[in-house]
């Protein structure tokens, strides 16, 4: 069975599936994941089957898969009825009663477990990925331990390493302290910023209150009351009913979910039988493919052994022809290091050639510019000569000066060389005689050395060809290895980020789960004080408070509506009274300002003017 699973994993990791499974991750897959994997395999055969089975009804999934399997001429081992429970195995009446008593509790437990399972599925966690991350982290831990041991061994050879380690430790502590102080400074800055914002808000509130106190007139009070009435009427007539309707709708959906019947044991048994049939069929297909691949592997091994024999023969022939052996071990490493040094030297020289080429281009451009300037000056000079009527004067003068200078040099050289030539002829004749006598044996050796040089040149050319081919192969291997290392590093970085993301999601889910457990614990607690702390009770109290507030506001609105007419009438009377008093005040002021022409006496409701 392990060989079959291994063969399945190997096939799934190849084209066109590319699942990247191993034995541990494949064995840890759940039934729904295995069913999805089978659906993906069938999707490679027919693109119509590329669907998510979680979004499809189980009956449709089974019908679709069985139809395709029927097209592939798959024959199940038996009918569904053969897998049912035999009728002879009946339970006793008491056992049936106990099971019937336990079934509601078990159904509730199954619902809770099913909800938790769906939450975990939708949360993005996977045990296979976590196991793979744990294995990668353990390997990284082992590598880090080995690296630390190597560094410790390397540091132990250094003098005063304990003191240096202590200084490094102190430096790290100081850096951590500096980071913590910087963080505290940032936190204090944030607190100061929030405090300033709070102060600004309080100052604005104080100004608003002062303005409200200054503007506390009957009209402003009435306007403010009308605004409050409008706001409260909006809350009572629109906002609260809409929220209540949404709450009722969510409650209806929850009740509908609770009232739906759960999956029974018979449904689960049917699904298990279907999955078993599909597993057996998949195992048979994989076993056949495994046998075919085993034959291919055997043929490849035989071919590899033939190639090894041919390689040994070629190596022996090359040893017989060249008299040299294939480099191995340290010799090959030294040869590779030598090639690397030559490669660096070659790159350095190529860089120097590029610099010289660039400098040559600059000089060539400078020469062209100077020539252009010289031609321009010559043209200007020729134009001036034409204008003066002495064209060709400068050219003739330059030629005369050049000829006279050359003639003087030649005369001097003739005077010197004629005196020296006689002496040199004598010396040369003596030197030629001496050299002929001394070079006679060397010429004989030179002929032999020329023959050796030709042979070595041919051998050097052959070695150079071998070197070039080997260097090209090593360069290609190095580039492929660099690409692989780069890809592995990127994959490592991605895996680390995925691990940290998974860890953060896990912590968030643990916090949410703990909050849900605490809420359930407080809600079920017999202590009324603890029960009052539950979120549900708090929301219930808030709803009751809002309902009471709504009732009070409606009563207040009713009272305001009833007293609105008399209050408006009384306000109008107050305004009229205020106008009357203002008029009297103006009359009184006018009366005081006028010159007194008599005395007004009031008696019996009459005013008399006495002059």
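Just so you know, glycine gets a Cβ as well, placed from its N, Cα and C.
Features reported for this protein in TrEMBL:
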- 3-83: domain 'IFT81 calponin homology' (DOMAIN)
- 127-212: coiled coil (COILED)
- 283-317: coiled coil (COILED)
- 346-387: coiled coil (COILED)
- 439-519: coiled coil (COILED)
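Here the coiled coil (439-519) returns a mean pLDDT of 82 for the predicted model.
Note on the coiled coil (283-317): residues 3-4, 7-8, 10-11, 326 of its chain, located 6 or more positions outside it, place their CB under 8 angstroms from a CB of the stretch. Per-class residue totals from DSSP over the domain 'IFT81 calponin homology' (3-83), listed helix then strand then coil: 54 helix, 0 strand, 27 coil.
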